[in-house]
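A quick write-up on the structure given underneath.
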Amino acid sequence: MLSRLQAISVKVTDPFVSLSLVQASRSLQTSSQRLAPVPPLPDHGGKVRHGLIPEELFEFLYPKTGVTGPYMLGTGLIVYLLSKELYVINHETIYAICIGTIIVYGVKKYGATVAAFIDSINEEKVAKAQAAKDSHISFLTEAIENEKKEQWRVEGRGMLFDAKRNNVAMLLETNYRERQHMVTNEVKRRLDYQIALQHLNRRLQQEHMINWVEKNVISSITPQQEKESIAKCIADLKVLAKTTQAKAAA
Amino acid sequence: MTLSLFDQFLSPVVCWIPLVAIAITLPWILFPNPTTRWLNNRSLTSQNWFLSQATSQIFSPINPPGHKWALLLSSLLIFLATMNTAGLLPYTFTPTSQLSINMGLAGALWMGVVILGMRTQPTHSLGHLLPEGAPALLTPILVIIETISLFIRPIALGVRLTANLTAGHLLIQLTSTATLAMLTIMPVTAIFTGILLFLLALLEAAVALIQAYVFVLLLSLYLQENV
């Protein structure tokens, strides 16, 4: 009976009453009394037979009277009340039978539907909270994935820097080579200039010498010599002309 | 025989202890406070759902200042519905079948609504005494008629509930007495009377809930006029 009381006490959720009853039942246990966390509601109420009589009565009477004991007790009670006219059959009895039938029929027919509807109200509440929790969890999981991807990207940054470093080194190398090339060209140009200058000098010297020699030779030629050479040349020319004519006639 | 028919309407007393107090405080026991739990058991969930539905239904056409009456009217609805339906059980006493309780509730609440209207917006409240679109010649007569109808309201409210429940209970008593009396003499007729009793019981169950709703609905209408 105390367990049924406890079950009722948890079902009757008036805080003051339920707390006091829960504390009262807890005094039989050895654990320390705690107010929080709130003990969970039992999933089902106390078991009843025929909708009215708690199962504990049947279990209480079973050892002494067997399975039919409580039924015999009930029948005996009803027969006693009726026979002794402690309960008088009047018009209210007829009405009681009527309304009893209506209530039992209503509960049997619509009980499950109504219970399912009420459970669905609670389940909707839970589903909403669960959906919010799930969406938050999925959002956080996605954020973790994104973070991991970013970390992987950061690893690739080293390769990027290496490539850039290579680029810069190549640019420097190219620049150095270019300048070296330029230096070589400039030096060569200056040396070419010097060579040209020397060539020019030598040529000038040669020409000057040739001119001086020619001038001296020409000035050393006397007029008599000149006449003799001219006469010789004419004689040679005549001879040549004769030979040529002879060759042509032959 | 005639006296015993009205015995059910006597205020029940056992050893000079008036049991009407227990009968009136019954709804307080059946409807526990909302708990600190997030998910409640089935009865609390259904009560909360029903109450929120009913309150939103009744108060949606009323202006926001009238929403202060939500607690009063919703608890009145629960009170009346519980007492009416509990009175359907055999051997119970229905407090709302007594004129004293119904007139007490109706008179006090009606007067509260009217005084509220007269104090906050007297012109608007008095304007209800002349319906719109009435021809100018009929104004004096209409005002008198409307005033009479205004003052009849509390009587109508209280007596409606009393009469419905009393009549229903009396009919049930009569029919069940007839069934019992004819059960030995003319069983077939008793069966027909029994079927009539079934239908009556169903009707009474409906009437119990409807009358409670009508009481609260009319009060909300009077509130709508005056707030």
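Any Cβ shown, glycine's included, is placed from N, Cα and C.
Fair warning: this is a prediction, and the values are worked out from it, not measured in the lab.
Under the heading transmembrane segment, TrEMBL lists B:9-31, B:69-89, B:101-118, B:138-159, B:180-199, B:205-223.
Comparison of B:69-89, B:180-199, B:205-223 by number of C-beta pairs under 8 angstroms to the transmembrane segment (B:138-159) places B:205-223 first.
Taking every listed stretch (B:101-118, B:180-199, B:205-223) in turn, the largest tally of C-beta pairs under 8 A with the transmembrane segment (B:69-89) is reached by B:205-223. Residues 58-59, 62, 66, 69, 73-74, 76-77, 80-81, 84-85, 87-88, 105-106, 109-110, 113-114, 116, 153, 157, 160-161, 164-165, 168 of the same chain lie 6 or more positions beyond the ends of the transmembrane segment (B:205-223) yet place their CB under 8 Å from a CB of it.
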